[in-house]
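Visitor: Mind having a look at this structure? Questions to follow.
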Amino acid sequence: MRFSGSPSPGPSNSSRWWPLDAGDANTSGDLAGLGEDGGPQADTRNEELAKLEIAVLAVIFVVAVLGNSSVLLALHRTPRKTSRMHLFIRHLSLADLAVAFFQVLPQLGWDITYRFRGPDGLCRVVKHMQVFAMFASAYMLVVMTADRYIAVCHPLKTLQQPARRSRLMIAAAWVLSFVLSTPQYFVFSMVEVSNVTKTYDCWANFIHPWGLPAYVTWMTGSVFVAPVVILGTCYGFICYHIWRKVRGKTAGRQGGPAEGAGESALYRGVLHARCVSSVKTISRAKIRTVKMTFVIVTAYIVCWAPFFIIQMWSAWDKNFSWVESENPATAIPALLASLNSCCNPWIYMFFSGHLLQDCAQSFPCCQNVKRTFTREGSDSMSRRQTSFTNNRSPTNSMGTWKDSPKSSKSIKFIPVST
């Protein structure tokens with residue numbers, strides 16, 4: 001990398017979306033001047049490592065595009081009412097597709113051609129969009145977790161124009177991601193990386209010696225550290241709130257019902273049976289979405305942590321040797337950061353089984369899967385209705401309720417509106 005104000009170019013370019021690239025230490029040779037025969041040194045690289053990088057990026061791109069496109073297709077075709085969680089899943093899938101097309105795909109082409117092939121303006125746009133996709137994926141995860149925090153810890157606020165608030169949060173994540181990634185236009189440009197071979201590449205320029213560490217630290221903090229802190233705080237409050245609710249319900253059961261309640265207690269219990277069941281169902285749905293979001297956050301941290309550790313190490317350690325970056329053990333973890341965009345779609349489908357069913361409906365070859373899901377769903381619904389009719393719903397099965405020895409003919413059952 002070449003630092004502005006430094007006497008000579010550094011050893012590495014920045015073909016990755018960051019100013020540092022663990023896989024491009026092989027460019028140090030073309031900056032050394034003349035070869036052993038006195039002629040210009042060839043512009044070469046570690047071809048074995050380059051092939052490995054190309055293969056990994058190609059697999060990540062294909063899997064990310066297929067997975068996230070399937071989720072978007074399933075959300076579009078689902079006959080169910082769209083929820084706020086579906087809205088966040090849709091935009092997180094769009095952010096993951098942005099990672100695939102704006103970050104992984106340009107890097108794949110760049111690794112194939114070795115040097116950036118394009119004008120200075122295209123160099124700046126590509127670098128901007130690569131970092132924009134990183135910001136969008138991270139910040140969309142933050143707003144989705146914030147929505148789960150509001151739904152669990154402040155449920156009354158969900159009644160106050162929840163759709164409008166969710167759309168504002170999503171729009172803020174997109175706009176903030178675009179704004180925070182604009183410095184890439186001023187950091188990167190087409191630079192002559194060899195005075196001998198007259199080779200140009202898309203490189204970053206920094207003020208020596210503090211520019212590079214400051215930039216990498218800022219990007220690490222804004223893309224990784226700050227989101228992880230916010231996510232951890234939200235989940236801390238969510239877990240504490242759920243723990244308090246569980247403890248309160250346990251204490252209530254231990255107290256038991258008051259004696260002498262008589263027919264009025266039975267009457268109230270009958271009237272509110274469906275309401276209590278609905279509340280329990282909503283609570284289970286919230287907990288399921290909280291679990292799904294937690295798994296997504298964990299996958300984000302696991303995939304991105306090695307990348308940021310390598311970047312911070314290479315920026316702050318003065319003894320860092322660029323020869324070490326030619327080791328696949330150092331280069332591949334930096335590439336696997338984008339693997340997070342491949343994991344998210346399967347997490348959605350695991351926690352929302354109907355998404356897989358709705359996606360299967362779009363492909364004729366998956367009609368057997370569709371019929372299996374439909375048959376299992378019908379059997380499950382039939383079992384639930386039978387159990388509810390025989391045991392819990394006197395308003396739907398008068399005969400069963402009258403046969404009970406504990407029933408009272410003086411009780412009048414009023415239909416409960418749902």
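Here, residue 1 is simply the first one shown, and the rest follow in order.
Yeah, the Cβs are placed from backbone N, Cα and C, and that goes for glycine too.
Just lifted these from Swiss-Prot, have a look:
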DISULFID  Cys123-Cys202  disulfide bond
LIPID     Cys365  S-palmitoyl cysteine
LIPID     Cys366  S-palmitoyl cysteine
MOD_RES   Ser404  phosphoserine
REGION    1-20  region 'Disordered'
REGION    377-418  region 'Disordered'
TOPO_DOM  1-51  topological domain 'Extracellular'
TOPO_DOM  110-124  topological domain 'Extracellular'
TOPO_DOM  190-217  topological domain 'Extracellular'
TOPO_DOM  314-331  topological domain 'Extracellular'
TRANSMEM  52-75  transmembrane segment
TRANSMEM  88-109  transmembrane segment
TRANSMEM  125-146  transmembrane segment
TRANSMEM  168-189  transmembrane segment
TRANSMEM  218-238  transmembrane segment
TRANSMEM  294-313  transmembrane segment
TRANSMEM  332-351  transmembrane segment
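What's the neighbourhood like for these features in this structure?
Guide: In the structure as shown, the Cβ atom of Cys202 (disulfide bond) sits within 10 Å of 23 other Cβ atoms. DSSP assigns Cys202 (disulfide bond) to a strand in the three-state reduction.
Here the topological domain 'Extracellular' (110-124) has a mean pLDDT of 89 out of 100.
Residues 15-17, 54, 57-58, 60-61, 64-65, 68-69, 71-72, 75, 126, 129-130, 132-134, 136-137, 140-141, 143-144, 147, 166, 170, 173-174, 296, 338, 340-341, 344-345, 348, 352 of the same chain sit 6 or more residues outside the transmembrane segment (88-109) yet have a Cβ under 8 Å from a Cβ within it.
Residues 17, 85, 88-89, 91-92, 95-96, 98-99, 102-103, 106-107, 116, 118, 169-170, 172-174, 176-178, 180-182, 184-185, 187-188, 202, 219, 222-224, 227, 230-231, 234-235, 293, 296-297, 300, 340-341 of the same chain, all 6+ positions outside the transmembrane segment (125-146), place their C-beta atoms under 8 angstroms from a C-beta of that stretch.
If you look at the transmembrane segment (168-189), the same-chain residues 6 or more away from its ends with a CB under 8 A from one of its CBs are 14, 19, 87-88, 91, 120, 123-124, 127-132, 134-136, 139-140, 142-143, 146-147, 202-206, 215, 222.
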Visitor: Could you pull out which residues elsewhere in the chain have a CB under 8 Å from any CB of the transmembrane segment (52-75), counting only those six or more residues past its ends?
Guide: 23, 82, 86, 89-90, 93-94, 96-97, 99-101, 104-105, 107-108, 111-112, 328, 331-332, 335-336, 338-339, 341-342, 344-346, 348-349, 355-356, 358-359, 362
Visitor: Pull the DSSP breakdown for the topological domain 'Extracellular' (110-124) and write it out as helix, strand, coil residue counts.
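Guide: Result for the topological domain 'Extracellular' (110-124), in helix, strand, coil order: 9 helix, 0 strand, 6 coil.
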Visitor: Go through the chain and flag residues at least 6 beyond the ends of the transmembrane segment (294-313) whose CB is under 8 A from any CB in it; none is fine as an answer.
Guide: 18, 20, 22, 92, 137-138, 141, 144-145, 216-217, 219-220, 223-224, 228, 231, 235, 320, 330, 333-334, 336-340, 343-344, 347, 351
Visitor: Which sequence-distant residues neighbour the topological domain 'Extracellular' (110-124)? Criterion: at least 6 residues beyond either end, Cβ under 8 Å.
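Guide: Answer is 15, 23, 43, 45, 50, 53-54, 57, 184-185, 188-190, 199-202.
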Visitor: Are there any residues in the same chain, six or more apart in sequence, whose C-beta is under 8 angstroms from the C-beta of Cys123 (disulfide bond), and if so which?
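Guide: Set apart from Cys123 (disulfide bond) by at least 6 residues yet with Cβ under 8 Å, we have Phe116, Phe188, Ser189, Met190, Cys202.
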